[in-house]
Amino acid sequence: MKVAIYPGSFDPITNGHLDIIERASKMCDHLIVSVIHNPNKNPLFSLEERKLLIEECIGKYANVTVDCFSGLLMEYAKGKEATAIIKGLRAISDFEYELQMALMNQRLCPSIETVFLMTSTEYSFLSSSLIKEVAKFGGSIHGMVPANVYKAITNRF
């Protein structure tokens with residue numbers, strides 16, 4: 001069985017993330033959306049809240065599950081017997097950072113490939129940080145995030 005991991009902070013998940021999930025789910029037998037716990041960040045939503053928000057969005061994908069982790073991605077991936085890491089790219093600036101990470105990950109675990117997926121054009125401007133900033137100042141994020149996330153963010157701000 002081909003297992004792929006789509007890691008991220010997903011604080012919050014956006015329609016761009018869901019675009020990558022939908023497309024990546026067609027490329028593997030099992031896709032694990034892995035919510036990263038980063039102790040150096042101060043997230044809007046807790047790890048468990050982010051996991052639940054994502055689970056509410058992925059019900060139509062029988063081969064997609066959600067998990068949480070902290071630590072080295074490649075150690076986590078080996079434990080899940082993954083063969084690929086999925087990374088979404090919006091722009092060249094994403095590629096520069098993600099290429100460096102992919103090369104390090106390849107060095108740590110040569111048997112696991114990194115697969116880059118370009119975000120669909122209509123989502124290429126979206127980022128979780130931008131969503132939070134717009135919402136914080138009262139701007140509309142309608143159509144940029146799933147309905148459950150829209151409700152959670154508007155309740156938070």
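Using the three backbone atoms N, Cα and C, a Cβ is placed for every residue, glycine included.
If you take the C-beta of Leu126 (ATP binding site) and look for same-chain residues 6 or more apart in sequence within under 8 angstroms, you find Thr14, Asn15, Gly16, Arg90, Thr119, Met144. The annotation ATP binding site is assigned in Swiss-Prot to Ser9, Phe10, His17, Gly88, Leu89, Arg90, Glu98, Tyr123, Ser124, Phe125, Leu126, Ser127, Ser128, Ser129 on the grounds of sequence analysis.
In sequence order, Ser9, Asp11 make up the list of same-chain residues 6 or more apart from Lys41 (substrate binding site) whose Cβ falls under 8 Å from its Cβ. Look at Swiss-Prot and you will find Ser9, Lys41, Leu73, Lys87 tagged as substrate binding site, backed by sequence analysis.
Long-range C-beta contacts of His17 (ATP binding site), restricted to its own chain and to partners at least six residues apart, with a cutoff below 8 Å, comprise Gly8, Phe10, Gly88. Annotation comment: Swiss-Prot describes His17 as site 'Transition state stabilizer', evidence class sequence analysis.
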Three-class DSSP assignment, Ser9 (ATP binding site), comes back as coil
Cβ proximity for Leu73 (substrate binding site), under 8 A, sequence spacing 6+, ordered by residue number, returns Ile5, Pro7, Ser34, Ile36, Ile85, Asn105
Once DSSP output is merged into helix, strand and coil, Ser124 (ATP binding site) belongs to coil
Among Ser9, Lys41, Leu73, Lys87, the record's substrate-binding residues, the widest C-alpha separation in angstrom comes to 20
